[in-house]
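Feature table excerpt (Swiss-Prot):
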type     : residues                             : note
BINDING  : N9, W10, K11, G172, S212, G233, G234 : substrate binding site
ACT_SITE : H94                                  : active site, electrophile
ACT_SITE : E166                                 : active site, proton acceptor
Amino acid sequence: MRTPIIAGNWKMNNTISESLKLIEELKPLVKDAKAEVVVAPTAVSLETVVNATKGSNIKVAAQNAHFEESGAFTGEISLKALEELGVSYVILGHSERRQYFNETDCALNKKVKAAFAHNITPILCCGETLEEREANVTNEVTGKQIKLDLAGLSAEQAAKVVIAYEPIWAIGTGKTATDEQANETIGAIRKTVEVMFGKEVAEKVRIQYGGSVKPNTIKAQMAKPEIDGALVGGASLKAADFAAIVNF
(Lines of atoms letter the chains of each structure in order from A and count residues from 1; the text may use other names and numbers.)
(Lines give C-alpha, C1' and ligand atoms only; values in the text may rest on other atoms or scores of the structure.)
Protein backbone atom coordinates (compact mmCIF):
# COMPACT_ATOMS: atom_id res chain seq x y z
CA MET A 1 0.00 0.00 0.00
CA ARG A 2 1.48 3.32 -1.08
CA THR A 3 1.34 6.17 1.46
CA PRO A 4 -0.31 9.21 -0.16
CA ILE A 5 1.92 12.27 -0.47
CA ILE A 6 0.55 15.81 -0.69
CA ALA A 7 3.10 18.52 -1.49
CA GLY A 8 2.52 22.26 -1.54
CA ASN A 9 4.65 24.17 -4.05
CA TRP A 10 4.66 27.78 -2.89
CA LYS A 11 6.55 28.90 -6.02
CA MET A 12 7.84 32.50 -5.78
CA ASN A 13 5.39 33.47 -3.05
CA ASN A 14 5.69 34.38 0.65
CA THR A 15 8.41 36.37 2.37
CA ILE A 16 10.29 34.71 5.23
CA SER A 17 7.85 36.09 7.82
CA GLU A 18 4.85 35.09 5.71
CA SER A 19 6.28 31.59 5.29
CA LEU A 20 6.70 31.23 9.05
CA LYS A 21 3.14 32.45 9.66
CA LEU A 22 1.75 29.96 7.13
CA ILE A 23 3.64 27.04 8.68
CA GLU A 24 2.50 27.91 12.20
CA GLU A 25 -1.11 28.04 10.96
CA LEU A 26 -0.71 24.78 9.07
CA LYS A 27 0.92 22.60 11.74
CA PRO A 28 -2.13 22.04 13.98
CA LEU A 29 -4.42 21.58 10.96
CA VAL A 30 -2.45 18.65 9.51
CA LYS A 31 -0.99 17.01 12.63
CA ASP A 32 -3.25 13.95 12.27
CA ALA A 33 -2.90 13.62 8.49
CA LYS A 34 -2.76 10.11 7.07
CA ALA A 35 -0.91 11.44 4.02
CA GLU A 36 2.72 12.51 4.01
CA VAL A 37 2.79 16.32 4.09
CA VAL A 38 5.44 18.33 2.23
CA VAL A 39 5.86 22.08 1.68
CA ALA A 40 8.22 23.73 -0.80
CA PRO A 41 9.01 27.33 0.17
CA THR A 42 11.32 29.70 -1.68
CA ALA A 43 15.06 29.22 -1.24
CA VAL A 44 15.40 32.19 1.10
CA SER A 45 12.73 30.76 3.42
CA LEU A 46 14.01 27.18 3.47
CA GLU A 47 16.04 27.40 6.67
CA THR A 48 13.24 29.16 8.55
CA VAL A 49 10.68 26.58 7.42
CA VAL A 50 12.97 23.61 8.16
CA ASN A 51 13.47 24.91 11.70
CA ALA A 52 9.76 25.66 12.15
CA THR A 53 8.72 22.16 11.08
CA LYS A 54 11.11 20.29 13.39
CA GLY A 55 9.14 17.94 15.62
CA SER A 56 6.11 18.11 13.31
CA ASN A 57 4.91 15.74 10.58
CA ILE A 58 5.62 18.30 7.84
CA LYS A 59 8.61 17.71 5.57
CA VAL A 60 10.33 20.36 3.51
CA ALA A 61 11.22 20.40 -0.19
CA ALA A 62 13.39 22.72 -2.23
CA GLN A 63 11.86 23.94 -5.50
CA ASN A 64 15.01 23.27 -7.54
CA ALA A 65 18.73 22.56 -7.21
CA HIS A 66 21.89 22.30 -9.31
CA PHE A 67 23.52 18.95 -10.01
CA GLU A 68 27.07 20.15 -9.25
CA GLU A 69 28.28 20.20 -5.64
CA SER A 70 29.93 23.60 -5.98
CA GLY A 71 31.44 25.90 -8.57
CA ALA A 72 30.93 28.96 -10.73
CA PHE A 73 27.15 28.69 -11.06
CA THR A 74 25.94 32.10 -9.92
CA GLY A 75 22.50 32.05 -8.34
CA GLU A 76 22.28 28.25 -8.07
CA ILE A 77 21.88 26.07 -4.97
CA SER A 78 23.67 22.76 -4.44
CA LEU A 79 22.08 19.58 -3.14
CA LYS A 80 25.04 19.30 -0.77
CA ALA A 81 23.95 22.55 0.89
CA LEU A 82 20.30 21.45 0.94
CA GLU A 83 21.28 18.18 2.62
CA GLU A 84 23.10 20.08 5.37
CA LEU A 85 20.05 22.28 5.80
CA GLY A 86 17.84 19.25 6.47
CA VAL A 87 15.70 19.32 3.34
CA SER A 88 13.89 16.01 2.62
CA TYR A 89 12.69 16.51 -0.96
CA VAL A 90 13.51 18.52 -4.06
CA ILE A 91 11.07 19.33 -6.88
CA LEU A 92 12.77 18.72 -10.21
CA GLY A 93 11.60 19.42 -13.75
CA HIS A 94 8.55 21.50 -12.90
CA SER A 95 6.97 22.71 -16.13
CA GLU A 96 7.82 26.31 -15.22
CA ARG A 97 11.49 25.31 -14.95
CA ARG A 98 11.34 23.44 -18.25
CA GLN A 99 9.46 26.26 -19.99
CA TYR A 100 11.00 29.45 -18.60
CA PHE A 101 14.49 28.25 -17.72
CA ASN A 102 15.02 25.78 -20.57
CA GLU A 103 15.69 22.79 -18.31
CA THR A 104 16.55 19.70 -20.31
CA ASP A 105 15.99 16.04 -19.54
CA CYS A 106 19.76 15.55 -19.64
CA ALA A 107 20.24 18.10 -16.84
CA LEU A 108 17.31 16.66 -14.90
CA ASN A 109 18.82 13.19 -15.03
CA LYS A 110 21.98 14.61 -13.44
CA LYS A 111 19.89 16.40 -10.81
CA VAL A 112 17.95 13.24 -9.92
CA LYS A 113 21.20 11.32 -9.41
CA ALA A 114 22.75 14.17 -7.41
CA ALA A 115 19.67 14.29 -5.16
CA PHE A 116 20.09 10.63 -4.26
CA ALA A 117 23.81 11.18 -3.66
CA HIS A 118 22.80 13.66 -0.96
CA ASN A 119 19.94 11.68 0.59
CA ILE A 120 17.24 13.95 -0.82
CA THR A 121 14.22 12.43 -2.55
CA PRO A 122 13.31 13.88 -5.95
CA ILE A 123 9.75 14.88 -6.80
CA LEU A 124 10.11 14.59 -10.55
CA CYS A 125 7.57 16.45 -12.68
CA CYS A 126 6.41 15.46 -16.13
CA GLY A 127 3.53 16.50 -18.35
CA GLU A 128 2.25 17.50 -21.75
CA THR A 129 1.14 20.74 -23.41
CA LEU A 130 -2.41 21.31 -24.65
CA GLU A 131 -1.21 20.78 -28.23
CA GLU A 132 0.31 17.42 -27.27
CA ARG A 133 -2.85 16.38 -25.43
CA GLU A 134 -5.00 17.28 -28.45
CA ALA A 135 -2.61 15.38 -30.76
CA ASN A 136 -3.05 12.28 -28.56
CA VAL A 137 0.67 11.99 -27.77
CA THR A 138 0.44 12.51 -23.99
CA ASN A 139 1.77 9.05 -23.11
CA GLU A 140 4.63 9.34 -25.60
CA VAL A 141 5.64 12.72 -24.15
CA THR A 142 5.51 11.69 -20.49
CA GLY A 143 7.06 8.32 -21.25
CA LYS A 144 10.04 9.95 -22.95
CA GLN A 145 10.52 12.38 -20.05
CA ILE A 146 10.49 9.55 -17.49
CA LYS A 147 12.85 7.36 -19.53
CA LEU A 148 15.40 10.16 -19.90
CA ASP A 149 15.08 11.60 -16.40
CA LEU A 150 15.34 8.26 -14.55
CA ALA A 151 17.97 6.66 -16.80
CA GLY A 152 20.78 4.96 -14.91
CA LEU A 153 19.10 4.78 -11.51
CA SER A 154 19.18 1.60 -9.46
CA ALA A 155 15.87 -0.16 -8.80
CA GLU A 156 16.20 0.83 -5.14
CA GLN A 157 16.54 4.50 -6.06
CA ALA A 158 13.76 4.39 -8.64
CA ALA A 159 11.33 2.96 -6.07
CA LYS A 160 11.85 6.04 -3.88
CA VAL A 161 11.26 8.65 -6.58
CA VAL A 162 8.01 10.60 -6.34
CA ILE A 163 6.65 11.46 -9.79
CA ALA A 164 4.26 14.36 -10.30
CA TYR A 165 2.14 14.27 -13.44
CA GLU A 166 1.21 17.85 -14.24
CA PRO A 167 -0.53 18.56 -17.53
CA ILE A 168 0.99 21.92 -18.44
CA TRP A 169 -2.34 23.22 -19.75
CA ALA A 170 -3.91 22.70 -16.31
CA ILE A 171 -1.37 24.59 -14.20
CA GLY A 172 -2.70 27.83 -12.77
CA THR A 173 -5.39 27.95 -15.44
CA GLY A 174 -8.30 26.63 -13.41
CA LYS A 175 -8.58 23.78 -15.92
CA THR A 176 -7.98 20.27 -14.67
CA ALA A 177 -7.57 16.97 -16.40
CA THR A 178 -10.63 14.83 -15.72
CA ASP A 179 -10.10 12.28 -12.98
CA GLU A 180 -10.25 9.59 -15.65
CA GLN A 181 -7.62 11.35 -17.80
CA ALA A 182 -5.32 11.79 -14.81
CA ASN A 183 -5.73 8.18 -13.68
CA GLU A 184 -5.14 6.86 -17.19
CA THR A 185 -2.02 8.95 -17.79
CA ILE A 186 -0.58 8.12 -14.38
CA GLY A 187 -1.21 4.45 -15.12
CA ALA A 188 0.78 4.83 -18.35
CA ILE A 189 3.61 6.54 -16.44
CA ARG A 190 3.64 3.63 -13.98
CA LYS A 191 3.85 1.25 -16.94
CA THR A 192 6.93 3.13 -18.20
CA VAL A 193 8.53 2.70 -14.77
CA GLU A 194 7.64 -1.01 -14.87
CA VAL A 195 9.30 -1.45 -18.27
CA MET A 196 12.43 0.28 -16.95
CA PHE A 197 12.70 -1.18 -13.46
CA GLY A 198 10.19 -4.02 -13.07
CA LYS A 199 6.73 -4.48 -11.59
CA GLU A 200 7.82 -4.42 -7.95
CA VAL A 201 9.40 -0.98 -8.34
CA ALA A 202 6.44 0.35 -10.35
CA GLU A 203 4.05 -0.68 -7.59
CA LYS A 204 6.12 1.20 -4.99
CA VAL A 205 6.55 4.47 -6.89
CA ARG A 206 4.18 7.19 -5.75
CA ILE A 207 2.73 9.30 -8.55
CA GLN A 208 0.97 12.57 -7.79
CA TYR A 209 -1.40 14.63 -9.88
CA GLY A 210 -0.67 18.34 -10.18
CA GLY A 211 -2.73 20.96 -11.99
CA SER A 212 -5.20 23.30 -10.28
CA VAL A 213 -5.81 20.87 -7.40
CA LYS A 214 -8.38 22.34 -4.98
CA PRO A 215 -10.19 21.23 -1.80
CA ASN A 216 -13.26 20.43 -3.93
CA THR A 217 -11.34 18.28 -6.45
CA ILE A 218 -9.03 16.22 -4.24
CA LYS A 219 -11.44 13.59 -2.91
CA ALA A 220 -12.49 12.32 -6.34
CA GLN A 221 -8.89 12.46 -7.56
CA MET A 222 -7.62 10.42 -4.61
CA ALA A 223 -10.38 7.85 -5.14
CA LYS A 224 -8.68 6.83 -8.39
CA PRO A 225 -6.43 3.77 -7.96
CA GLU A 226 -3.35 5.13 -9.74
CA ILE A 227 -3.26 8.57 -8.07
CA ASP A 228 -1.08 8.62 -4.95
CA GLY A 229 -1.26 12.28 -4.01
CA ALA A 230 -1.10 15.82 -5.30
CA LEU A 231 1.40 18.54 -6.11
CA VAL A 232 -0.56 21.62 -5.11
CA GLY A 233 0.17 25.17 -6.28
CA GLY A 234 -2.07 28.13 -5.46
CA ALA A 235 -4.24 26.27 -2.95
CA SER A 236 -1.16 25.55 -0.80
CA LEU A 237 -0.75 29.25 0.00
CA LYS A 238 -3.71 29.24 2.41
CA ALA A 239 -3.40 26.99 5.45
CA ALA A 240 -7.10 26.06 5.55
CA ASP A 241 -7.22 25.17 1.84
CA PHE A 242 -4.04 23.13 1.92
CA ALA A 243 -5.13 21.34 5.10
CA ALA A 244 -8.45 20.46 3.46
CA ILE A 245 -6.52 18.87 0.60
CA VAL A 246 -4.11 17.04 2.94
CA ASN A 247 -7.00 15.72 5.04
CA PHE A 248 -9.00 14.58 2.02
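Backbone N, Cα and C define each Cβ position, glycine as well.
Describe each of these features in terms of where it is and what it packs against.
Every protein chain considered, the tally of other Cβ atoms within 10 Å of the Cβ of G172 (substrate binding site) stands at 13. For the recorded site, G172 (substrate binding site), the DSSP three-state label reads coil.
Using a 10 Å Cβ-Cβ cutoff, H94 (active site, electrophile) registers 27 neighbours.
Summarising the environment of E166 (active site, proton acceptor), the number of other Cβ atoms within 10 Å of its Cβ, over all protein chains shown, is 29.
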In whole Å, how far does the CA atom of G233 (substrate binding site) lie from that of H94 (active site, electrophile)?
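Taking the Cα atoms only, G233 (substrate binding site) lies 11 Å from H94 (active site, electrophile).
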Could you measure between K11 (substrate binding site) and E166 (active site, proton acceptor) for me? Cα positions, answer in whole angstrom.
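Rounded to a whole number, the Cα-Cα distance is 15 Å.
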Within its own chain, what residues at least 6 apart in sequence put their Cβ under 8 Å from the Cβ of N9 (substrate binding site), listed in sequence order?
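Same-chain residues close to N9 (substrate binding site) (Cβ under 8 Å, separated by 6 or more) are A40, A61, Q63, I91, H94, G210, L231, V232, G233, S236.
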Quick one: what's DSSP say for K11 (substrate binding site), helix, strand or coil?
coil
Looking only at N9, W10, K11, G172, S212, G233, G234, which the record lists for substrate, tell me the maximum pairwise CA distance in angstrom.
14
Using Cβ-Cβ distances, find the residues under 8 Å from S212 (substrate binding site) that belong to the same chain and are at least 6 apart in sequence, listing them in sequence order.
A170, I171, G172, T173, G174, K175, T176, G233, G234
